[in-house]
Amino acid sequence: MAKMIAFDEEARRGLEKGLNTLADAVKVTLGPKGRNVVLERKWGAPTITNDGVTIAREIELEDPYEKIGAELVKEVAKKTDDVAGDGTTTATVLAQSLVREGLRNVAAGSNPMGIKRGIQAGVEKITAELLSHAKEIETQEQIAATAGISAADEKIGELIAEAMYKVGDGKLNKDGVITVEESNAFGVNLEVTEGMRFDKGYISGYFATDVERGEAVLEDPYILLVSSKISNVKDLLPLLEKVMQSGKPLLIVAEDIEGEALSTLVVNKIRGTFKSVAVKAPGFGDRRKAQLQDIAILTGGQVIAEEVGLSLETADLPMLGTARKVVVTKDDTTIVDGAGSAEQLAGRIKQIRQEIENADSDYDAEKLQERLAKLSGGVAVLQVGAATEVELKERKHRIEDAVRNAKAAAEEGIVAGGGAALLQTASVLDDNLGLEGDEATGVQIVRAALAAPLKQIAHNAGLEPGVVVDKVANLPVGEGLNAATGEYVDLLGAGISDPVKVTRSALQNAASIAALFLTTEAVVADKPEPEAPAMPGADEMGGMGGF
């Protein structure tokens, strides 16, 4: 396919135009008074949303250079969303400000590499300052407030906070497993079931059942646990045939799955003949064996291992574990509601507790503690229902973001929300960090960008951005604008907070993409194919001229 190439200023301006188009559509949603955006669907009713990453995903531009610019900013929004579950719109607004000011200086003759170094230095300093201002989460109410802001619903915030404490046996558990499921009932309900999550994902992306979300979801699957490698499909076939006859999907957890065995599973999944997912077992050596045994007890299965005289060729369905649901991503596997005996599970938990007491080293004790947390914590399931399919998808996505947001708050603490934290750390850049020339210009660009989120929040609330920024910059640290009421308050006291992880991720990702824009000297894009000519005479249909 023929390519188009643009250089220097033309290349950067094309990218910037795409960035601006996307950012202008996304930034109107920022803050409590953010506006909505209507998204047209090919089928069904349009979707109305104010979620930045959802809007960004929908935008496809026609011009090849603008399209690339928009795609780069989508990456900022997606990366921030993946890491922290929120801050996508903030990241987009920051990226737009950094790129606009940066390109203006590059066009005036500044050295892009000098500006890039200045931006990086400024962002590092601000990140350190944000972390030093962070306040640790101490109560369930603080988690509820943070999650409630992200979900735009106080009750959902309270449920998420309750879930984080329930999977921690009454203590805040930032690593606890919380899943969000679709439900036929209206509203949002919380239940805690037996289950666990381990940090190994699917071996091949072809196993994903939902490509957009990158997930493989198995309902009521059989679970095969093997302590060795599986490469020969002949060993696996007898058992596969039995599972296929049962009509259930299959999760395979083994040391490794490769060669013919893997390709057979993938081909059958693609053809729709048989749904399965292959996952590597967590841990190494003896720890791997112990974790496989944990999963076996949780799911009511047996580990197929030569040491106990079991082999794949002789394995039968009663040796397999089962669970209500299994969700596998590229990074981890979540087993919900394993069918194992509660008595055996309690015995296993007791055994691990004794092993912790007798552990020889802190490292061994720590690893045993991780296993204990996975087995005893369970899985909190938030069941989400809504009136329509479209509303259900939007609500589920928002709650998943709020869960990640709450975990981010528990991990690194919170800072004042409403754009105030970024603006009030700007004073540490007053001396340009002792840098000079283009590097000092880079620091000034960061300083100017720190006001951008608050300006946009004020603008969306119908207030004068310049006046609001000037007022908040002169307030004590932690005080700022409550855009919902138009009053200036102690933000943390009023429950208006952001996880510091969200704020710093937004700034770091925006700076990363801005540096990329500023140092771009050429863009290579696919040349648009000419449209096929219309059928001859199509516009000469009798009596229809002029339409």
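Any Cβ shown, glycine's included, is placed from N, Cα and C.
Non-local neighbourhood of Asn482 (ATP binding site): Gly418, Tyr488, Val489, Leu491, Ala494, Ile496, each in the same chain, at least six residues away, with C-beta under 8 Å from its C-beta. The DSSP secondary structure for Asn482 (ATP binding site) is strand. Feature annotation from Swiss-Prot assigns ATP binding site to Thr29, Leu30, Gly31, Pro32, Asp86, Gly87, Thr88, Thr89, Thr90, Gly418, Asn482, Ala483, Ala484, Asp498; the stated evidence is sequence analysis.
For Ala484 (ATP binding site), other Cβ atoms within 10 Å of its Cβ number 13.
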